[in-house]
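Notes follow the structure.
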Amino acid sequence: MFVGVARHSGSQDEVSRGVEPLEAARAQPAKDRRAKGTPKSSKPGKKHRYLRLLPEALIRFGGFRKRKKAKSSVSKKPGEVDDSLEQPCGLGCLVSTCCECCNNIRCFMIFYCILLICQGVVFGLIDVSIGDFQKEYQLKTIEKLALEKSYDISSGLVAIFIAFYGDRKKVIWFVASSFLIGLGSLLCAFPSINEENKQSKVGIEDICEEIKVVSGCQSSGISFQSKYLSFFILGQTVQGIAGMPLYILGITFIDENVATHSAGIYLGIAECTSMIGYALGYVLGAPLVKVPENTTSATNTTVNNGSPEWLWTWWINFLFAAVVAWCTLIPLSCFPNNMPGSTRIKARKRKQLHFFDSRLKDLKLGTNIKDLCAALWILMKNPVLICLALSKATEYLVIIGASEFLPIYLENQFILTPTVATTLAGLVLIPGGALGQLLGGVIVSTLEMSCKALMRFIMVTSVISLILLVFIIFVRCNPVQFAGINEDYDGTGKLGNLTAPCNEKCRCSSSIYSSICGRDDIEYFSPCFAGCTYSKAQNQKKMYYNCSCIKEGLITADAEGDFIDARPGKCDAKCYKLPLFIAFIFSTLIFSGFSGVPIVLAMTRVVPDKLRSLALGVSYVILRIFGTIPGPSIFKMSGETSCILRDVNKCGHTGRCWIYNKTKMAFLLVGICFLCKLCTIIFTTIAFFIYKRRLNENTDFPDVTVKNPKVKKKEETDL
């Protein structure tokens with residue numbers, strides 16, 4: 001709730017109280033004229049004593065407050081706006097005229113967007129690396145849930161309180177967010193900087209040998225795991241608290257300082273920069289995705305610093321995000337809670353929006369828990385707000401599903417390496433979503449859409465993205481022949497079993513997945529399962545020879561005359577549908593992003609202006625409960641059902657899925673996203689008809705007016 005401008009009723013008491021100040025104001029010019037005729041008593045070269053004692057900034061600040069006080073003492077006419085609450089730009093009492101040129105929403109957006117990018121980078125780094133961290137240290141189920149859900153749970157717990165109590169002092173909360181984002185980044189980076197633990201790793205020979213020595217299960221990185229996990233969860237929790245002022249109070253602050261139909265552009269820019277930051281973190285973290293490598297001998301290796309090499313580069317990225325976030329501390333603290341012109345904008349918006357009960361127009365709430373509960377009860381009785389919040393939650397499920405499952409889908413469907421698949425997913429997902437958010441905000445602002453038009457826009461764009469989503473299911477590749485999975489070792493083995501008579505004496509392990517492609521165009525899980533007994537490097541790549549399971553295919557000799565049986569990597573799927581898939585998924589993400597800003601704008605227009613921040617807080621709690629908390633788990637569980645072969649290492653830990661059923665994976669991914677988009681359309685349709693019915697019942701209160709004559713004519717015909 002923000003402290004709005006006091007409304008003047010124009011009563012006789014107020015007029016009588018304003019007589020004396022008015023008479024004094026009229027008498028002032030005559031007094032000034034008499035003063036001009038009298039000679040000055042002070043010497044020409046003598047300076048005022050205050051100029052010698054006080055800084056210039058303090059005098060200007062004091063004069064500013066006196067002028068505002070004198071101006072507010074004169075009663076206003078009913079049609080006039082009291083702008084005495086507007087404040088100058090400065091750091092506390094230090095006010096400078098050169099700072100006033102930055103006292104506008106455009107300059108605020110620069111530092112606000114920088115802060116959004118910093119938190120987006122942290123999110124991207126965490127999401128792209130969390131899978132490798134879980135695999136590296138064999139986390140338990142409860143540890144995985146704590147690691148994945150700490151951000152969502154912490155943000156959901158504080159969202160309503162920050163929205164209610166932070167609405168009066170938004171700038172202070174922005175500064176707190178800047179500090180907490182940097183602190184959370186350092187908490188994620190701190191353990192990997194000072195870690196000195198040594199962790200034993202299992203070295204496994206990847207070629208066929210009858211005698212192998214495999215050790216290392218007794219030693220584990222428990223010290224590093226518990227220490228890093230606690231700091232990582234704490235960092236995620238701090239990030240969750242830091243994000244709520246940005247995504248709740250930041251939206252209302254922008255909405256209060258721009259015209260009604262300009263808010264879409266600013267919110268679109270904010271959403272776009274947030275996703276750009278996430279993409280930046282995704283791209284920075286993608287090259288650090290750990291890829292299993294082949295070893296050439298059975299050894300027990302030791303890794304210093306208690307962690308994989310990629311963690312060292314990882315903490316540098318977190319440190320960079322923390323430094324940039326803290327650089328916005330002082331600039332953000334200089335902005336006032338009420339910018340110049342904000343009072344007139346608020347007064348203009350009060351005249352436009354009256355969908356809600358007229359008794360709530362001049363709602364006044366305190367700061368105790370009873371007032372918070374009363375405000376929450378008012379919002380919970382608003383079915384339009386609840387439906388729009390549910391629509392936002394289901395819409396986010398599509399983005400969550402794409403970010404969680406798309407890298408795995410690309411890797412397995414189009415035979416890509418984990419690094420390439422993750423990088424490509426980031427380059428498709430984030431620009432598509434960011435462009436959709438930006439274009440959605442620009443379109444609704446350019447067309448100056450009313451609240452009803454916003455809901456229609458959400459429904460239309462969701463239907464288009466739904467149609468594009470259906471086409472994705474037809475863009476998939478045929479599975480490659482894989483020994484032991486869909487090929488039975490030329491009739492000597494069984495489907496579903498990697499071991500066959502040709503490799504049963506090799507003592508192969510499925511804990512390390514290092515696929516090779518034989519000259520028979522069949523893919524093998526590892527050189528050991530192909531029965532290869534010899535390997536040597538050719539052009540910085542390892543080639544394999546004397547493979548007992550590979551009996552057919554074109555024979556190729558190397559420079560030394562030895563016949564090559566297999567080469568590292570996956571076999572060519574002879575599938576060239578990747579560009580078509582990228583085009584469809586990119587278009588789907590753009591049209592899905594179109595609805596992001598309109599949903600937020602619609603929610604702010606169906607509640608009283610003093611409850612806008614709290615309404616966004618309620619929507620974020622609903623988003624967490626029905627969207628971001630269960631969403632990743634739903635997609636992961638669906639992906640697990642399409643798993644064919646899973647990693648179970650010698651130490652008994654169950655790891656990632658190595659091989660998926662491509663057809664089942666495609667149907668599951670598209671099916672869940674289709675259901676989410678359908679729910680978005682249903683909830684928005686319900687909100688639209690409830691809004692339309694309420695609007696027809698309250699004919700005294702028109703919808704948001706528009707300036708464009710064409711749009712105005714169209715809205716009148718719709719009513």
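Glycine is treated like the rest: Cβ placed from N, Cα and C.
Per Swiss-Prot, the annotated N-linked glycosylation site among residues Asn294, Asn497 corresponds to Asn497.
Per Swiss-Prot, the N-linked glycosylation site annotation among the candidates Asn300, Asn305 falls on Asn300.
Swiss-Prot assigns Leu416 and Val607 to topological domains with different names, so the membrane separates them in that record. When Cα-Cα distances from Cys532 (disulfide bond) are compared across the recorded positions Asn497, Cys517, Asn546, Cys549, the shortest belongs to Asn546. With a cut-off of 8 Å on Cβ pairs spaced 6 or more residues apart, the transmembrane segment (379-400) and the transmembrane segment (674-691) reach 3 or more such pairs and are scored as touching. Sparsest Cβ environment among the glycosylation sites Asn497, Asn546, Asn661 (other Cβ atoms counted within 10 Å): Asn497. If you take the C-beta of Cys517 (disulfide bond) and look for same-chain residues 6 or more apart in sequence within under 8 angstroms, you find Glu523, Tyr524, Ala566, Arg567, Pro568, Gly569, Lys570, Cys571, Asp572.
When Cβ distances are compared across the two stretches, the transmembrane segment (449-472) makes contact with the transmembrane segment (674-691), since 3 or more pairs at least 6 residues apart fall below 8 angstroms. For the pair formed by Cys508 (disulfide bond) and Asn546 (N-linked glycosylation site), distance between Cα atoms is given as 16 Å, rounded to the nearest Å.
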